[in-house]
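Trainee: Pasting in a structure now, in structure tokens, and then I'll have a few things to ask.
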Ligand SMILES: NC(=O)c1ccc[n+]([C@@H]2O[C@H](COP(=O)([O-])OP(=O)(O)OC[C@H]3O[C@@H](n4cnc5c(N)ncnc54)[C@H](O)[C@@H]3O)[C@@H](O)[C@H]2O)c1
Ligand SMILES: O=C(O)C(=O)C[C@@H](O)[C@H](O)[C@H](O)COP(=O)(O)O
Ligand SMILES: [Zn+2]
């Protein structure tokens, strides 16, 4: 079992491994548990271990991150009369931890929450660092809050039911962390499987990158923007496809675009590892999109400063810049991106 201690802006532990439930301290007050129905068995185990009686199951996926579901969960907590000293436990993938974290941030102006991530993506990224939120039809994560968990407990036994494509998707965010930190070991995702003996150490290494960045800049005033590598285009693809393309796959497509931007700015050629990532991931091929199809979504990116979009561009592993770019360069890179997709057999 791996244990990391986050220190800033609030201290909380992150445990990754088998048997982590034994490490959760007893709950101080009343509690409620929100879970993804696909992991009901594990959620029952968590509830039993911690003596939680109020449970609400929801379908996972982006549909969970809607104003409608958000309102439904708030009303459920209010009906149960959960007080301000209650703790919300959230069991599921990144969509559940984003939704549940946001509910915890706003119910009674904020209650404590514990995350029990059940996807690789939620373990290495979504459950850590306090970004919570939901989507609007206009785009991804347009409503949210920073609200930090009191603990993150990643029980790897819960991954046993995870479909292989979803397992792989989470490792895209680990690959992203490898590019950000210049950690070559995190770029080697292709030979990882749910059975790999090195999985636990690999996941913890990827979490450590997220912890370092969010400790340094918890509220995304500067360095934390690096964690958005691949996300400006990725989020636009998710929204434009009405979430037919899931997050990790969209980010992988976005990383390819980011690598092309890096090459255009004179950076190292990062295309070979990103191409390998995409071939291994094998995401659904994209329709023949035009730059204009994505533009409305790109313009809602939260890194925009006044009228100017800011792009996270990798110049080499561990060397990234965040800056505005001329539209001509963005369009040229988009044309090159489509050519790349054609070459990889990823354009319909
Ligand atoms: N807050 C953050 O810092 C942050 C970081 C990265 C991603 N995200 C968000 O996370 C979301 C993506 O997370 P995700 O990839 O975990 O998606 P998800 O929560 O939709 O889970 C993916 C699928 O796996 C199912 N599932 C979950 N755990 C399972 C298990 N153990 N066995 C079988 N099925 C299981 C879900 O029901 C869903 O169908 C996106 O909304 C993204 O925006 C947030
Ligand atoms: O934690 C962060 O900061 C990130 O940007 C991590 C991303 O992987 C994640 O998808 C996040 O939800 C994106 O946030 P957003 O602010 O771009 O909506
Ligand atoms: Zn992400």
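Even glycines carry a Cβ here, placed using N, Cα and C.
TrEMBL lists these features:
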- 118, 119, 131, 140: NAD(+) binding site (BINDING)
- 173, 231, 247: Zn(2+) binding site (BINDING)
- 58-167: domain '3-dehydroquinate synthase N-terminal' (DOMAIN)
- 170-304: domain '3-dehydroquinate synthase C-terminal' (DOMAIN)
Trainee: If you run through the domain '3-dehydroquinate synthase N-terminal' (58-167) with DSSP, how many residues end up as helix, strand and coil?
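Mentor: The counts are 50 helix, 32 strand, 28 coil.
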Trainee: Over all shown protein chains, what is the count of other CB atoms within 10 A of the CB belonging to residue 140 (NAD(+) binding site)?
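Mentor: There are 25 of them.
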Trainee: Give me the Cα-Cα distance between residue 119 (NAD(+) binding site) and residue 231 (Zn(2+) binding site), rounded to a whole Å.
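Mentor: Checking the Cα atoms of residue 119 (NAD(+) binding site) and residue 231 (Zn(2+) binding site) gives a distance of 19 Å.
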Trainee: Count the residues of the domain '3-dehydroquinate synthase C-terminal' (170-304) that DSSP assigns to helix (H, G, I), to strand (E, B) and to coil, and report the three numbers in that order.
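Mentor: Result for the domain '3-dehydroquinate synthase C-terminal' (170-304), in helix, strand, coil order: 87 helix, 1 strand, 47 coil.
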Trainee: Using CB under 6 Å from any atom of ligand 2, narrow the binding-site residues 118, 119, 131, 231 to the ones that qualify.
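Mentor: Near ligand 2, sequence order: 131, 231.
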Trainee: For residue 247 (Zn(2+) binding site), which of the binding-site residues 118, 131, 140 has the nearest Cα in space?
Mentor: 140
Trainee: Sorry to bug you, but what's the C-alpha spacing from residue 140 (NAD(+) binding site) to residue 231 (Zn(2+) binding site), rounded to the closest Å?
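Mentor: Rounded to the nearest whole number, the Cα-Cα distance is 10 Å.
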Trainee: Can you tell me the CA-to-CA distance separating residue 118 (NAD(+) binding site) and residue 173 (Zn(2+) binding site), as a whole number of Å?
Mentor: 15
Trainee: Which are the residues of the chain, 173, 231, 247 excluded, whose CB is within 8 A of where the CB atoms of the Zn(2+) site average out, their centroid?
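Mentor: Near the Zn(2+) site, beyond 173, 231, 247, sit 121, 125, 172, 176, 230, 234, 248, 250, 251, 254.
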Trainee: Distance between residue 140 (NAD(+) binding site) and residue 173 (Zn(2+) binding site) at the Cα atoms, whole Å?
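Mentor: That separation, Cα to Cα, works out to 17 Å.
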Trainee: 119, 131, 231: which of these binding-site residues put a Cβ within less than 6 Å of any ligand 1 atom?
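Mentor: With ligand 1 as the reference and 6 Å as the Cβ limit, the list reads 119, 131.
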Trainee: Hey, how far is residue 173 (Zn(2+) binding site) from residue 131 (NAD(+) binding site), Cα to Cα, in Å?
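Mentor: That comes out at 15 Å between the alpha carbons.
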